[in-house]
Amino acid sequence: GQLPTWLQGILLRNGPGMHTIGDTKYNHWFDGLALLHSFTFKNGEVYYRSKYLRSDTYNCNVEANRIVVSEFGTMAYPDPCKNIFAKAFSYLSHTIPEFTDNCLINIMKTGDDFYATSETNFIRKINPQTLETLEKVDYSKYVAVNVATSHPHYDSAGNVLNMGTSIVDKGKTKYILFKIPPSVPEKEKKKSCFKHLEVVCSIPSRSLLHPSYYHSFGITENYIVFIEQPFKLDIVKMATAYIRGVNWASCLAYHKEEKTWFHFVDKETKKEVSTKFYTDAMVLFHHINAYEEDGHIVFDIIAYTDDSLYGMFYLKNLNKDFEENSKLTSIPTCKRFVVPLQYDKDAEVGSNLVTLPSTATAVREKDGSIYCQPEILCEGIELPRINYNYNGKQYKYIFATEVQRSPVPTKVVKFNIQTKEMLHWAEDHCWPSEPIFVPSPDAREEDDGIVLTCVVMSDPKQAPFLLVLDAKTFKELGRAMVDVKMHLDLHGIFIPEKDLKTEIE
C-alpha cells in the first residue's frame, strides 16, 4: 500500500518481552523484561528496530543469569547457598520493597524527553531514535509516592499531570496528583523538570491500609476525575509478601460488596467537590475521556464486574489453547457516567438529577450523597484511544481493540459514540495492539488522520506487520511486514518528527 506523505515520525511501543532468564521463569506475562520497539516513518518508508530496556532490573537479572528482582506476579528470592545471616537480613530489607525499574507499560513525554513507565516509583529516560536506555528517575525523590500510574495526561501548556499513591506517609494514605512542567527556567538549565514538580492536591484514601488500585484517571477542562474502586492493595500483606513467599499480585483484592467512589478535583482551587458521588462495585483499568457539559461531568471508562482479567495472564494459562481456555468471566463494558456538579439543592430524595439527554442517572439519597448509574455505550472493547486533541472535550470517536470472550484482541475498531456505529478491521490469525490515532496536518474533523497498530500473528509461520488504516473509513492504506518475532505489547506513543530533538538517522 501507500503511506500518506505527511506521516513522518516515530511510533514507539512498550511491553513485556523476555520471560525466561537462565533456568528461571516469570509467573506472569506482565512481569517480563521490557522490550521497546519502534517504527520510524521517513519519506514513505518504514524502519523497524527493537531493544530491551537496559534497566537495573535487566542488568541484575542478566548478570546473575536468573530472576533476582521481584516483579508484580513473581517474587524473587536470594541465593539459597548464602549463609543464614545474609538470608535473614534480606528478609528484613524486603519488608519495604525496593521496587523494580522494569518500566514495561507505556511511554511518557516530558518536555523534549521520553520515558518508559510502569506503575512503580521509577521511570527510565530513553532515546526514541536509538531506543537506548538513559538515566533512571525516582519519583519518590520529588514527591512522596510509592507507586504512580503509567497513563499520565498532558495539558495545553505541555505540563504532565499524573497520580500516585502515598502509603502511610505521616500516618495517612493518600492519592496525590502532581504536575511536571515541560521545561525549567533559563537560569536553571542544568536542573531537571522533576525538580520543579508540583503537588496539585491530595485525596485522602478511605482506608489507611487498603488504598485503591488504579491504572489511569480522567481530566476535563476544569477538573480531575479520580475513581476510588473497591479493587484494593493490602499494605500489610504487601509488606510481608516476601516473608510469606507469595507475590505482590496476591495482595490485591476485589471487595464486590463495597461502593466505587468518584472524586472530582477543581484544578483552579485544588479542592475536591464536597458532594459524595458513588456507584456500584466495579474494576477499571482505562479511562477513555471526560468532559463538562451544562453543569455535568461526563466521563467514559471501560469497566469489569470482577478482577479476573489479571489472572488470565499468568503464564501457566498462556498455552496453545489460550484462546479457547481463557474465557472472560466479565466482558469489558464501555460505560458513560453523567455526574451533575450543579443541581437543585432542594431536589427530592430519590429524584434523578441528570438533565442531559442520557440514560445515565444520578439519584439523590437521604444522606445527601448521589448514586450514579451509567449509560452502556458498547461492550467488548479494550485499550481505548482517542484523538488526543479532544482530550477533556466533547468527542465522538473511540479507537480500540475488540476482545470477544478471550482477553487477546482480535480486531481493531472505531466506535462512534453518538450513532453507536462500529467499524472493524480484522483478519484471521491476527492479534492487533492498541490502535494509535495520528491526526493529519490539515485536520478539520475529529477523525481526519490515520490509525496505527502492530499486528502479531497467532500462526508462527506468518510475519507480523504494522498496519496503517484510514481513520475515517477504516480501510487499509498499507502495511509494513517485519521479519522478526514480534511480541504483543501494551501501550505506546506516536512522536511527530517536529517533536524529535535531532534528525532521525
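Every residue, even glycine, has its Cβ placed from backbone N, Cα and C.
The Fe cation binding site annotation in TrEMBL covers H151, H215, H286, H491. The Cβ of H286 (Fe cation binding site) has H151, H215, S216, I301, I302, E382, L383, P384 as same-chain neighbours under 8 Å, each 6 or more residues away in sequence.
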Count the Cβ atoms, other than its own, that fall within 10 Å of the Cβ of H491 (Fe cation binding site), considering every protein chain shown.
22
Using a 10 Å cut-off, grab the number of neighbouring Cβ atoms around the Cβ of H215 (Fe cation binding site), all chains included.
16
Report, as a single number, how many Cβ atoms besides its own are within 10 Å of the Cβ of H151 (Fe cation binding site).
20
Compute the mean position of the Cβ atoms of H151, H215, H286, H491, which form the recorded Fe cation site, and then list in sequence order the other residues of that chain whose Cβ is within 8 Å of it.
I105, N106, T149, S150, S216, F285, H287
